[in-house]
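J.: Just dropping this structure here.
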Amino acid sequence: MLPPSRRDFVSLTLSESGSYTNSKQWRRQSCWRKWKQLSRLQRSLILFTLMLLLVCGIATSPTLIGHWRGEIRGPPVLQNRLQTKTNVSGLLGVENQGLDLKNENKGSEGGKPIIRFDQMFPVFLFLLAESRLEAVREAFRHAWKGYKNFAWGHDELKPISNSYGEWFGLGLTLIDALDTMWILGLKEEFAEAREWVARELSFNKNVDVNLFESTIRILGGLLSTYHLTGDSMFLEKAKDIGSRLMPAFNTASKIPYSDVNIGKGTAHPPQWTSDSTVAEVTSIQLEFRELSRLTGDPKYKLAVMEVMKQVHKLDGKQDGLVPMFINTHNGLFTHQGIYTLGARADSYYEYLLKQWIQGGKTENELLDDYLLAVEGVKKNLLKKSTPSDLTFVGELSHGHFSPKMDHLVCFLPGTLALGAHYGLPTDHMELAKQLMETCYQMYAQMETGLSPEIAHFNMHEGSTQDVDVKIADRHNLLRPETVESLFYMYRFTEDKKYQQWGWEILQNFNKYTRVPTGGYTSINNVRDPANPNPRDKMESFFLGETLKYFYLLFSNDPNLISLDKYIFNTEAHPLPIWPQAE
Ligand code: DMJ
């Protein structure tokens, strides 16, 4: 599908038709013109290959190898990278090939110099990382091109029809993408988007917005961009949307309604119910707590912490696992008996841990609820698949176990790893590693190499494949959760296999979801590489989250949004961890 997109990556033709003049000068000009016509990624890949050849050439040159022996010299940044701990053999797949990677035999043997692989590979890894980072920047620019040309200032790009879709009418993709551009170093794109926010973005609109979605994408995006840039314009916008969302909390129970009219200052539940979703009302806390800290006005924090207090005390949990709905009139759980780590419950668990970290690890109720829930997952939802023994997280429905796992659940390995980094039990990290493998297999076992929205795991003896996908679940929405977890796993383990898995996934996004005229699209069928069937929608989280996490995954710099200084909200917007004193 979308074959022309490959042109952006591979079509490099330097041969000329015979009808032109043959002079050397013309050929030089022609080559130069061709070179200028290439995309940055193409140029980087060519340069990368040439450098690699050069490095290999030096490595195998007996005269040069002597000079090379001892230490590799280079700019400080390169020297730093060279010290990075690496698992080179895993990355290159050269185990058992007899290469002396550690090269215990330094110096020469019988007069012949020995190749210093331990010194050569770091150079290779540095170049590899740089080319992957550039590939993410290129993917972002391509997505941005579509948004800019066909959807500028609107919520979402429809890349197949070259048009746009509105949800809230607030430039959702542009706001979600602001801090990604900043982190990727895309200065021009960022400056243009900043101008739009400053001049065009107005929240004084008669429009209903979903409290959760606008909090995590808009409020979260503006707050994180304010922190990264120090530009107070973003803080002013954040205050504006934050205060306009507050009417949602005017309910009998203080459990907020799902929808707010930010122009009129009114709020209401969805038309068909007076319930709100548990994940939604418990995943707005990082943002509102931060808004209180920045403004000095406690009303935001008080409103969201009241929700946490009530949910903490509520009956109806099973071993720390929460139902999916909560009533805004009486504040009780409804539709009890179904427990999942997927849609409608997922980020409740994520925000328990993240609030505890944000607040300086002092709010014990949050930690207790998180630890209890992890035990609840282990006891009720964890099983192994057949034939590969993959550990997966299923669902419980009125006591009956279902081997169904949403792609959304793939946030969990990253969250477990984050908790272990902050001193929680080491078996959380072990579980994170197992679940990470499973989430990767949800991609690798599909014909397109892209995960479906929902997988069903086989548990019966004699199964030949671990993952089954129902026809209605075969879509892929460009979701971030697996890439997000790969990022955490790589940061904490430095195991290169996680970067390699992410690289495979990025290539498959490029192969099956990239649209030649600009943008990436959701697809309907991850099992049919011949016809993945595009959906004509690029979700804002593809730019806000997926591409950002790819970039952070491929970076070897742990200080690029340090996990000791920032906590990511559930839309991948980094917010500061509060100084201990507060
Ligand atoms: C995003 O809006 C957030 O990550 C949310 O927590 C879950 N859904 C999407 C991405 O899948």
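Including glycine, each Cβ sits where the backbone N, Cα and C put it.
Keep in mind that TrEMBL annotations are predicted by a computer and have not been checked by a curator.
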J.: Tell me which of C56, C439 TrEMBL records as disulfide-bonded to C410.
T.: C439
J.: Please state whether DSSP places T570 (Ca(2+) binding site) in a helix, a strand or coil.
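T.: Note: T570 (Ca(2+) binding site) is coil by DSSP, not helix or strand.
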J.: Checking the recorded positions E213, C439, E453, E481, which are within 10 Å of D346 (active site) at the Cα level?
T.: none
J.: Consider the recorded positions C410, C439, E453, T570 and say which one has the Cα lying nearest the Cα of E213 (active site, proton donor).
T.: T570
J.: Note down the number of other Cβ atoms within 10 Å of the Cβ of E453 (active site, proton donor), including every protein chain shown.
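T.: Other Cβ atoms found within 10 Å: 20.
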J.: Between E453 (active site, proton donor) and C410 (disulfide bond), how far is it from one CA atom to the other, in Å?
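T.: Approximately 11 Å lies between the Cα of E453 (active site, proton donor) and that of C410 (disulfide bond).
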J.: CA-CA, which of the recorded positions C410, C439, T570 lies nearest E481 (active site)?
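T.: Closest by Cα distance to E481 (active site) among the recorded positions C410, C439, T570: C410.
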